[in-house]
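For 15-209, 222-251, 632-663, 851-950, the entry in Swiss-Prot reads region 'Disordered'. Taken from Swiss-Prot, the feature compositional bias 'Polar residues' covers 42-55, 82-115, 151-170, 190-206, 879-894, 931-949. Taken from Swiss-Prot, the feature compositional bias 'Low complexity' covers 58-68. For 280-312, the entry in Swiss-Prot reads repeat 'HAT 1'. For 314-345, the entry in Swiss-Prot reads repeat 'HAT 2'. Annotated repeat 'HAT 3' per Swiss-Prot: 356-391, in sequence order. For 405-438, the entry in Swiss-Prot reads repeat 'HAT 4'. Annotation comment: Swiss-Prot describes 475-508 as repeat 'HAT 5'. Under the heading repeat 'HAT 6', Swiss-Prot lists 520-552. Sequence annotations record features per position, and here Swiss-Prot assigns compositional bias 'Basic and acidic residues' to 896-907.
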């Protein structure tokens, strides 16, 4: 059925005489019975609102051919062509008569310009439909598929192509439904596709069909002679209805994806190329390759695929053109490998009798190693180069001149290869070792010894580089940086970090080239920058760093080239545009004419502003598309029907209102989300204008009317173009005041106050300006007006806080106290959560000092240092002595251990009997932990049982504690470890080994033998800080002693000292220090 429709469409196209047909005749033909059999709208799957009824209705009230020309033309207008291409240009796959077959009926283009209405806002003359207010008005696109559109659909039957490639297949018949105007120079053989090239789309931008695709146009075309059309009602164009693609129209769908997102949807590009190649459409594949490589000129992978395709097709001339365009600008190992294969293919060595082919191949290898020989993956090229030299005439080790020449070439190649950190450096070194030792062992050792440091450096550097780039994805298909929090942001950040570490590693000069070969060092750094920019093409900071490195190393041309390419890749980048403008401003100081110099400096700013304004337009278009898609979704879910009066009830009305409110809420949320993005772009545009304004002020001053633009002309251009924030007015006013003391600054602030009445930042800067010119009365008036307007809206109350804070600071310093108190009262009413102390202290404080929080030192007791250990409370010496023997109820007998019951109610009933006397042997063999429990229970009372000590004490210490009396029984002075530690802390310790007196006795190799004597009742945490007073204490750090003979103790009699971990004989521990007796 589809073939029958296409055949009918073909006959209809043949019946239409393109030279003499007019729109009236077309309408009559559309109303005839023959044309009723084929209706293009039937193939659109109800995506367009136009119907056959509309086309029949147009017979009664025909519409004009053009909005600006009510009289229809008497003959068809030929399709517009791309001005960038010659008129007779056509791809080899197209026949000369194809353009005639496609020129069925074309919609006329409107060539007249429509003036825009102007109005005055805040004293400035602005356009009526400026972009600042364009979003508030509803856009009404022209009719979709009206009478003209229904009858001007081009119906093309592709003919058999005449191509240089005999293997192209014959395309299937097609009926195009996209537009009425198609450029004959750009027509392609797309089966089942309605693709229109970008050049053709640009050439028909004045037609109503294309205007219907842009819902938020920045300028609404108006014409006084425009007549009302009764053909069809304008219907908003949605993304789904703007194309009308069939499901099997794979090429058209991919083209739509590319047109919507050319820089972000790289998979669509690659799928489209594969689709053409699978269909054996080589010319179409070439065209897509050229478009892709125009957008991504440094994508080496696709250049390699493009060159491989031409090589497989034996298109050697096209292949050479690719090499001429890429080899010197794209340093890629794989691309150069393809080139070397091509050179060896065109210059066979088997039939080379003159040696010309060998010389050509050798020069090709030299050129390749010059450009990509420093790459860490270039080991294959170095290996092939060495093998190529080995295969040359002559014998290694011979005495002839050819033999000597071959030996010299091999030695030179090996010595270059082993200095580069590549994956083949180890194998090349082994081969070089065998080569030198095979010639002459004596001279070979000399050469190897000379080249060994370079080889060791290259080998270790390659290992380091592999560790850095282990997780690196060395792709040349650039990716737009994902927004933080979006899909892929972590992976992209990891790749960026790896590239930056590689660049930092190269700048660190691991191969030690900076001192010996400065040019080689710079070349390696520039090479890695170029490699990084292939993958990070859309990251402006890498372009900036590369250009800055070139400028710092006297490489002006390379730096400018980096900036130029970076701006081409990122035209919306303020960083690169500002850097480029600064370089132009610095390098053009010798230019005497300020107008020419200003034009040169302004060029990067203009490119930046154009790109930003285009982004704003695309954002508005995307917003309209999203809103239309949302409305279409709700329309499909809830179709608009007209119910009868009998079916109306309260439930239906409530459901309808609920659905409408839900739709409006989602649309409002969608618009708010887009408004945030557009607001950021508007802010960026404003600061770009500010940067341009300041640059022009430095070059041309404030300007003169009719003579020199200057900063004032930039301010006028910014206001005329729109989409600026209050920052532009603030910057212009402050330039006028600080640079020229011109009263125009106040006028600019006054006009800005009318345009931005709710901008708190502008109001704050306005107040500061009035205070600077000592106009306090107007400053207070502006303050009251701004605060009253903002406070009237509860949502804007928070915006008044910085304004209150500024005036409060001014009044507290230079105003009246009554004014200050009144301001504080108003601030308490508006901001009750702010503490009163903070408001009061703000009067007397500065950013560097606050006197209200200062606490002066009155007494030395306020600065008493903290003790290292808390002071223990003294124990009463006259307490009641406890019983010598423990309570029988808790005594743990060694014959029958004490049972532990948590529940006192379930304890078994026992009888108390007298304790049997323990023998001495049994007492000594008593379990130490249990004995400890008995002693502690004896001291603390029989009503408590021990919960267990952190660590068990030695058995001898437990026995000692069991036989000595309690400490409360002694009335003599007690040992205070805290005071002793404090005394040691105040002792001047030696800081070097020379201050330590050596002991008189020296044994062995001169190392002192020390005996460690420990005593005292110290907590274990203070070890080893005290000694028995049997000699002069001396402090020796073990870090200054290489050999220490330590005495191991077998018995300890101190109840509070645990045996430390002493180092064995002949070792030392730098972290320990001992107090010893000499």
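Using the three backbone atoms N, Cα and C, a Cβ is placed for every residue, glycine included.
The stretches the repeat 'HAT 1' (280-312) and the repeat 'HAT 4' (405-438) are not in mutual contact, being linked by fewer than three Cβ pairs under 8 Å (pairs 6 or more apart in sequence). Between the repeat 'HAT 3' (356-391) and the repeat 'HAT 6' (520-552) there are 3 or more Cβ pairs closer than 8 Å, counting only residues 6 or more apart in sequence, so the two stretches are in contact. DSSP states for the repeat 'HAT 1' (280-312), grouped as helix (H, G, I), strand (E, B) and coil, give 27 helix, 0 strand, 6 coil.
If you take every residue in the repeat 'HAT 4' (405-438) and average the pLDDT, you get 94. Within its own chain, the repeat 'HAT 6' (520-552) is flanked in space by residues 263, 296, 298-300, 330-332, 374-375, 473-481, 495-496, 499, 502-503, 506-507, 509, 511, 513-514, 558-560, 562-563, 565-566, 569-570, 573, 575-576, 579, 583, which lie at least six positions past its ends and keep a Cβ under 8 Å from the stretch. The list of residues near the repeat 'HAT 4' (405-438) in space but at least 6 beyond its ends in sequence, with Cβ under 8 angstroms from a Cβ of it, reads 369, 373-380, 382-383, 385-386, 389-390, 392-397, 444-445, 447-448, 451, 454-455, 457-459, 461-462, 465, 511.
For the repeat 'HAT 6' (520-552), DSSP puts the residue distribution at 29 helix, 0 strand, 4 coil.
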